[in-house]
Amino acid sequence: SPQWTDVSFLYVIFYICLVTHAQQLWNDWEIQCLVVVSFSLQVFLLFAAVFRKRCRSRVLSVLLWLAYLSADSVAVFVLGRLTLLGDNQQQHRLVLFWAPFMLLHLGGQETITAFSMEDCALWKRHLLTLTVQMLMAIYVVSKQWRGDKWLAVPTAIMFVAGTTRYAERIWALRRAQSTSLESSDMEFYAPSAEYDFNTHSTDYYSKLSSIISDEQERNFERIVEVATKGFRLGLDFLMDVIPPRPAYWYQGGTELWGGGEPLDSLVDMAYKLADIHLSMIYDYFYTKFGGGLVVGLLCRITTLALNCIALSLFLVSRLDHHLKAGSSYNIADVTICYILLVGAFTLEISSVLLWLMSSYSTWNLLRYSQIN
């Protein structure tokens, strides 16, 4: 009937207008939404990955897996979209400032550099990605130099911070991958691994015997030292380089626990030893915590200082620009800039605290304190 025809026509018109409005709304806020999503993924990865070490929740593993894969894809997509923006468009002037933060997000978080062992083998792919994304970020930053000069210095500083963080992630993946040998290299590595094992295992079990037999030696520093030596020896087992050992070696290890005081008094120490040992293995393969003290400290201080400087310059430059020329930026873009800057600084402080609390860093700090 004509009445139903008119209603159907109005419904179609309403649907077309709704879709068109939604499409226009997404086009206007696409980059802003994706930047916030990228930052949210980094926050989730930093704190959720901490629980992964001690939690076997399937839900948490799936969420971490999705976040781990999505974080890189979103950051790469946003950086690609930023290269398409014109430097003469007034509404996009602040958006160009977000490009270095995508490099920062590609660098990942300290608590998770790899989701599985296979991810460590992709360090060459990440190196290529770093090269390509650096060139894209430089192109976006060059637009900033031709646009708002007051944003040029904070943008350049965040570019250095993002490049440093991404390079650290690649180095961590390369370090973890170095423990996985090809079958052709195994015959050359096995003899030296056997020699190192036979040499260091004596010292390891000597120190283990001392903390078992002497309760006064059973302090946290000694347990960390023994766990670290066991971790070093355990890397050969993880590479399937298991040197042959005589039968009495097993008997001697059993006698360490079978003689002297009752086993019940050693349970806490044994669990603590295993806890530190396994924690160091996890940090070595799946996080940025497994590196040396000097490299880790240098990267932490560098990125934290650069984030602090960029935030300070942005605040000062923003105030000066506002007083001289007035504020002509979209309030949402300004808010996102503050979220990225303050968020990056907060995440960096959290990363430093988590790094200091890791077993690997604890051992490094104890070792350097003993040397000095």
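Numbering starts at 1 and runs along the chain as it is shown here.
The backbone N, Cα and C atoms fix where each Cβ goes, and this holds for glycine too.
TrEMBL does not curate its annotations; it predicts them automatically.
Positions annotated as domain 'DUF4220' by TrEMBL: 65-361. The transmembrane segment feature in TrEMBL is assigned to 7-23, 29-51, 63-83, 95-115, 289-316, 336-357.
The list of residues near the transmembrane segment (336-357) in space but at least 6 beyond its ends in sequence, with Cβ under 8 angstroms from a Cβ of it, reads 32, 35-36, 39, 42-43, 46-47, 50, 94, 97-98, 101, 104, 109-111, 158, 161, 288-289, 296, 300, 303-304, 307-308, 310-311, 314, 365. When Cβ-Cβ distances below 8 Å are used as the criterion, the transmembrane segment (29-51) is approached by residues 57, 60, 63-64, 67-68, 70-71, 74-75, 77-78, 81-82, 95, 98, 101-102, 105, 108-112, 287, 332-333, 336, 339-340, 343, 347, 350-351, 354 of the same chain, each at least six residues removed from its ends.
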